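Asks: The ATP binding site annotation in Swiss-Prot covers Gly169, Asp170, Arg171, Lys172, Thr173, Gly174, Lys175, Thr176. Annotation comment: Swiss-Prot describes Ser362 as site 'Required for activity', evidence class sequence analysis.
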Amino acid sequence: MAIQAEEISALIKQQLEKFDTTLTVEEVGTVTYVGDGVARATGLANALAGELVEFANGTYGMAQNLESSEVGIIILGGFDDIREGDTVKRTGRIMEVPVGEQLIGRVVNALGQPIDGLGEIKTDKTRPVEVKAPGVMERKSVSEPLQTGIKAIDALVPIGRGQRELIIGDRKTGKTSLAIDTILNQKDQNMIVIYVAIGQKNSTVRAQVETLRQMGAMDYTIVVNAGPSEPAPMLYLAPYVGAAMGEEFMYNGKHVLIVYDDLSKQATAYRELSLILRRPPGREAYPGDVFYLHSRLLERAAKLSDELGGGSMTALPFIETQAGDVSAYIPTNVISITDGQVFLDADQFYAGVRPAIDAGTSVSRVGGDAQIKAMKKVAGTLRLDLASFRELESFAQFGSDLDSATQAKLARGRRTVEILKQPLNKPMPVQHQVVVLYALTHGYLDDVEVADIQRFQDELIAYVDANASELFKAIVETKNLPEEADLNAAIEAFKAGFAGSESAE
């Protein structure tokens, strides 16, 4: 069969119409060095700071150092199969992570990828890891309380929604336990929690996730884990990834609590990266912008204005001190960035005072405005009383001839210390705290043996719950103290039937 010339020309025209003249231009460079989570490459003259680049094996990196002849890149993942001479190309994008409701209840790595074996996370929403913090006019002053369920914090150093409260102390003084108890207490509080574990042992994180799961707290919690065996870029990025996930909820009018456990390890990872990138070292070999590393992260926690939906993100950054030295470089930096700090004292911890909160050095700069009226009334002078008790106690060791007023102060102080002790994973609702602290500050515990204080507290709560539950209800609904006569009557009625042990103090 002969092919007609018209058919041939029609086919050629058809093919020409389909011909795509668009060119894909990619800027490709060459890797000149790779090691310890960092690569250097030439040929990426137009790369942007923080831009994602892609290596030949599909691994991504982030451009950090933009020099005249080469670019310093931090590698986001394993770097064992990246070789000198490999190609690396620009993507024109900045790093983004998956965000949204689908992440709740999951454990993810510093790239937002699931690591809990529960399958992929089906979300099509992403947010940039690095964003500008809300400005002054986009914020509102902190006014709503964030109840931690820990008496010593809610009474002495209250935290408000949108605040940044530093938890600082030596290793093994109960920092993470404070965070876990606070997370457990957010049940039914309309709060989403993001727990960012930076450089924590994987076995420890696993145990914490199991605790949260057993207590039903994973229903509102996202865990971001960057383990100690992961490359330094992952430890550096994990807090920003957690903040991006939190911002998605905050900008949608929800309330978020984010725990960074702990930022000392992030600073160490950043120091490692900076030294390998050959940035000039400063004090304690940290780079000059280590303050900015933490300030740009913590400024992202905010209470948004009503125009932006009134959402909030409360940050609890952790810093580990060496032998209680809060005047080291990173601790002083973070203290100056945050709105107060809870200082955990190793001596108190080993003396059995747990949580080991040092009332003298702990402070909350904005949380007082967020405290409910009932708590303000019962805990007004508690922090000062406790600090003066510590001073008196050390003074009283030198002599026994103390006047009756001093002895009464010491006796009240011992009972205050005892009442503020709390077992692990047992956060206390604020209405229970108010009644217990009311009993303390109004002298109802002055004649109760110190050894009986914890039992007195538990039995008092049970008694009020059974016989005068309207008192608890009134505190919850009005946020104020109920009628003092009713409160006094309930405590006196309970006390009349309380059987104290006979052991002397």
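From the backbone N, Cα and C atoms, a Cβ is placed for every residue, glycine too.
The model shown is predicted, which means the values in this text are computed figures rather than measured ones.
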Asks: Return the residue, from the listed recorded positions Thr173, Thr176, Ser362, with the maximum count of other C-beta atoms within 10 angstroms of its C-beta.
Replies: Thr173
Asks: Provide the three-state secondary structure of Arg171 (ATP binding site) computed with DSSP.
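Replies: Its secondary structure by DSSP: coil.
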Asks: Which residues of the same chain, at least 6 positions away in sequence, have a Cβ lying under 8 Å from the Cβ of Gly169 (ATP binding site)?
Replies: Lys175, Glu320, Thr321, Gly324, Phe343, Leu344, Asp345, Ala346, Ala356
Asks: What are the non-local neighbours of Asp170 (ATP binding site), defined as same-chain residues 6+ apart in sequence with CB under 8 A from its CB?
Replies: Glu320, Thr321, Gln322, Ala323, Gly324, Leu344, Ala346
Asks: For the recorded ATP site, enumerate neighbouring residues of the same chain (Cβ within 8 Å of the Cβ centroid of Gly169, Asp170, Arg171, Lys172, Thr173, Gly174, Lys175, Thr176, site residues themselves excluded), in sequence order.
Replies: Glu320, Leu344, Ala346, Phe349
Asks: Take the Cβ of Gly174 (ATP binding site) and count every other Cβ within 10 Å, whichever protein chain it belongs to.
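Replies: Other Cβ atoms within 10 Å of Gly174 (ATP binding site): 20.
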Asks: What three-state secondary structure does DSSP assign to Ser362 (site 'Required for activity')?
Replies: coil
Asks: I'd like the Cβ neighbour count for Arg171 (ATP binding site), meaning other Cβ atoms within 10 Å of its Cβ, all protein chains included.
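Replies: Around the Cβ of Arg171 (ATP binding site), 11 other Cβ atoms lie within 10 Å.
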Asks: Tally every other Cβ atom lying within 10 Å of the Cβ atom of Lys175 (ATP binding site).
Replies: 23
Asks: Rounded to an integer, what is the Cα-Cα distance in Å between Thr176 (ATP binding site) and Ser362 (site 'Required for activity')?
Replies: 17
Asks: What's the CA-CA gap between Ser362 (site 'Required for activity') and Thr173 (ATP binding site) in angstrom, rounded?
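Replies: With the alpha carbons as reference points, the distance is 15 Å.
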